Structures are given as C-alpha cells and as structure tokens.
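Engineer: Residues annotated as domain 'Photolyase/cryptochrome alpha/beta' in TrEMBL: 3-133. Annotation source TrEMBL lists FAD binding site at Tyr242, Gln297, Leu298, Ile299, Trp300, Arg301, Glu302, Tyr303, Phe304, Asp396, Ala397, Asp398. Per TrEMBL, site 'Electron transfer via tryptophanyl radical' is recorded for Trp328, Trp383, Trp406.
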Amino acid sequence: MLGGSVLWFRHGLRLHDNPSLHSAIEDRSVPFFPIFIFDGETAGTKLVGYNRMRYLLEALDDLDSQFKQYGGRLIMLKGQPNIVFRRLWEEFGIRKLCFEQDCEPVWRARDDSVKVACREIGVTCREHVSHTLWEPDTVIKANGGIPPLTYEMFLHTVATIGDPPRPSPDVDLAGVMFGTLPECFYQEFTVFDKAPKPEDLGVFLENEDIRMIRWVGGERPALKQMSQRLAVEYETFRRGSYLPTHGNPDLLGPPISLSPALRFGCLSVRSFYWSVQDLFREVHRGQQSANNFITGQLIWREYFYTMSINNPNYGQMANNPICLDIPWKNPESDELQRWMEGRTGFPFVDAAMRQLRTEGWLHHALRNTVASFLTRGTLWLSWEHGLHHFLKYLLDADWSVCAGNWMWVSSSAFEALLDSSECACPVQLGQRLDPSGEYVKRYVPELARMPVEYIYEPWKAPIDVQERANCIIGKEYPAPVVNHLAAAQRNRNAMKTLNRAVSGRLHKDNWLNIVGELRHILQKAPPHCCPSSEEEIRQFMWLNE
C-alpha cells in the first residue's frame, strides 16, 4: 500500500493554471496518477462526431507527451470512474483525488457517485474551480439566491464580487514520482498505451474529408494560438477598437477563436481573460480602464453556465422553468434533414451547415444565421433539434453555452416576448458579410460558377445563366425548402399579434393557429431571462448595421 494521489482529467486538459495539479502533487513522496477515463459521457463523448472526438484525443495525446518528458504518462482507459478509483485504492491505497469542477448539472450524477465512493474508502476529494472565471454558485448567492435574469444584471452581480482570480502559477514536474498501473488493470479495463484514434472508440468519418480548416487539439497548440490571437487584439487596441472578429468578420481566413480550446480546457479561461485585460492596459498605458466589452464572449460564457447549474432541464423545453413552451411545428417532409445536411436551397445557410459537418466550426454570425433559420426566422422548428446537432458536431459546443445560445437566438428563454424582426436573413446577411460569395463557393461547390449577383438567390437566375454555371436549380442544387419571405412574414405577424395582448385562446388544429397558443403561454409565463436592451439583441445577433 503505497498511497498516492490522482489527478482526474475531464475538461481542464492542460498543465498551466491547473490548481488541481498543484493539489495532486503536494506530496512528492507518493505516486502521482494523472488519468482520463472514457466512460462514454465525460468531455461530451456521449454525443460526438468525428472532429470533436479527434480534437479531444489530440488534446489527450498532447498531455501524454508532456508527462512523458518527465518520465510519466497520462493514463487513459475505459471504465466507470467510481470503479476505477476504488480499484486504485485497493491496489495502491490512494489518499487523494483531485479534479477541476464541472459545474453543469449533466455531470452531477457522475461526480456524486465518485464522491460517495471516495467517502466509503476514505479518499479525500479536492474539487477546484478553474473552468469558469467565477464560481457559478458564488454568483447566484451574490444575486440573492437566484441566477441573474439579464446579462446586464449578471455584469452588475460579478462587479460586486470583484475581479476573477488570476491564473495559478506553472508547475514544475521535475522529481514527481509517476505511478504505473499493475498488470491486473490491463485485464480488467481497456487501457490505452497511447491516445486512441476516433475509430478505436467507434467514431468514424461520415463523409469524405474535405476540410479547408484543420483544428488541432491540445494545450501547446492552444497556447500558440492564444499568442497569435493576442497579436490581433494588440493591433485592434492600438487602433482604438476592440472585438476584431465582430467589426469585420473574416469567414474565409484562419479562425482566431479560442473557444474550442476553452471548451476542452486546453486553454485556461482565466489566462486568456487576464492576458486580454492586461494587454489593453498596456496599450493604453493605464489611461483607459479595461471593460467587459473586450472580453464580452467570455462573460456570455459565464452567464450561460450560471443560468444552467441548478436547472437539469436547461437543455430541453419540457420542465425548463426559463424556457417558454412554444408550440414549434413538427418537421414536415425532409426539411429538418435538409437543414442538417446543408441542402435547404439557401446558399449561405447550406455553406454554414456543410462547414459545420466537415470542420466542426462555425463563426458566431453563421451560427446565428442557421439557428434563426431553423427556428423563429423561417422553418419554425424547435431549437432542440439544433442543439442536438450542434452538440454532436461543433468543436466548442458544451451543454450550457450551446443550449443557452439556442434558447437566446430562438427567443425561447432570454426574451420576455418573442420578436422575429431582429432575425438574421439568410440572403441579406450573406450579401453583407461575404459580398463576393467566396464563402459559399468554398463550401457549396455546385455554385462555384454562379454569377455573384445570383449567388445568394440562385433560384432567381435565368435558366441560361444556370446552364452556363453548370448548376440547374432543382437538379445540381436544390430549390429553396420554403419561401423564406413568406415564412418570415408569417412568423413576424404571429409575434406582433402577441404584443397586442389580445385575450383568448384558439384551438390548435394546425400551425396557423399558433398565435392564440403563444398568447396563452406568454400570459401565464413566469418571469424568465430576457435581454438587457434592444442594442444587446442587435449586438448578439450581429445586426449592428
């Protein structure tokens, strides 16, 4: 019985700013076991596409190679965490289990089972907050015991708490005594001697690999990418601006977003937050104080986490106290499948959906476009369909932030009344963000020869133009799945009717009678999350112009 400590990696796949690592190696006289357990759910592996799984496995491989520099390795095996830790106790007498807090309620049953097992065998659990800037429970307590209902109120609440903690110092692993598994573990569990491939875990590439952009998982790639991002921020601050991707989004260039690295914890959110804040102060020499705008997307991330932690139904409509029970219509024919596969007949939407499937990434403006198209903007289908699809394919999709964004864009939770007037038009937004149509041509090659004046509305091209472009609408490229203008107007009229607050309730024989249903729902809806202002809606939806 050698004793020992365990660092259980779930998210937080890094060595920098890792207070759990500090705790795990306090006593260097006992074995140290860094471990990742494939339990079928951890790190979002229950619903996962090829790109997401590959990114995760690359992150694990990066950790493993870093530990090998110090004579150790990252232990990777299949099993149930509570059983694995009990067996480590039986074999080594481990005394301490350390891990980063996973604050979302979807992880609570897993963590509770481990904590119960540890209490039974006398192993100390040390849980550290480092995946979020502030501990969500602290924010809720500071707001009187309930989550802040608006983003503005969230900002006010965290201002009363104070700045988030600075990152933990780096750890020197020299001299750490790494533990190794006995032979019996290889008989009882599936133990990987190196990071597996997605195929080893039953996840396969669905289509031909035609990625234009290659995302690489891991702490070291993430730190390099942060350095490149800070160089962009530096030039932006020098010009007296901020949020470089918001003012002039580049849909074709190499992405500078760090959200996949933050989602898997390859990059510390505290390190990125304070790097940006400190850089702003450095550029302006303290003459301008940094504000929440320069790290706005990180604060939105915190807001959505805080809204979800005490709401296990946050990712669904049923029994979700902050979500309006909107009677979305059921999918008709193959319209939902066409949306998922990028065959709606709307090139800007289709290009985005194909990029998502092939690369696992979408720019924020594109996410809003496809989300509003699926829900209140055009198809009037439930946001739950979109959430399920994004959770599988989007590299940076975690449960809280992804569900929060879907509810926000669909006006299901974060608006007091529905309003589709602030909605991303799949034609006009494409024309504004990519007037040359190069983004569409990259991901929808059927339209590569379509003249730019028809690239976003190819169904309007005369037949001779379609023939010269080798793209007959309805044959080489699909006709629109719906009449967008008619659908958008129908949705808009329904929502305007709500605002007149006419009493009564219509029987829901078909979708045309949803107005009465919605009115009834909104009249009885409890206070729920809503935007702070109209300007906040426009900024969130990238509709500033």
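Each residue, glycine too, has its Cβ placed from N, Cα and C.
Computed from a predicted structure; not experimentally measured.
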Engineer: Return the residues near Trp406 (site 'Electron transfer via tryptophanyl radical'), defined as same-chain residues 6+ apart in sequence whose C-beta is under 8 angstroms from its C-beta, sorted by sequence, else 'none'.
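Structural biologist: In sequence order, the residues whose Cβ lies under 8 Å from that of Trp406 (site 'Electron transfer via tryptophanyl radical') (at least 6 apart) are Ala371, Thr375, Trp383, Glu384, Gly386, Leu387, Phe390, Ser412.
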Engineer: What is the separation, in Å, between the Cα atoms of Trp328 (site 'Electron transfer via tryptophanyl radical') and Phe304 (FAD binding site)?
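Structural biologist: Rounded to a whole number, the Cα-Cα distance is 23 Å.
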Engineer: Does anything in the same chain, at least 6 positions from Glu302 (FAD binding site), have a Cβ under 8 Å from its Cβ, and if so what?
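Structural biologist: Listed in sequence order: Thr132, Leu133, Trp134, Pro136, Val139, Phe154, Val158.
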Engineer: Among the recorded positions listed here, Trp300, Phe304, Trp328, Trp383, which has the most company in the form of other Cβ atoms within 10 Å of its Cβ?
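Structural biologist: Max Cβ neighbours within 10 Å, all protein chains included: Trp383.
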Engineer: Which Cβ among the binding-site residues (Leu298, Ala397) has the fewest C-beta neighbours inside 10 Å?
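Structural biologist: Taking Leu298, Ala397 as the binding-site residues, the minimal 10 Å Cβ count falls on Leu298.
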Engineer: Across the domain 'Photolyase/cryptochrome alpha/beta' (3-133), what does the pLDDT come to on average, as a whole number?
Structural biologist: 97
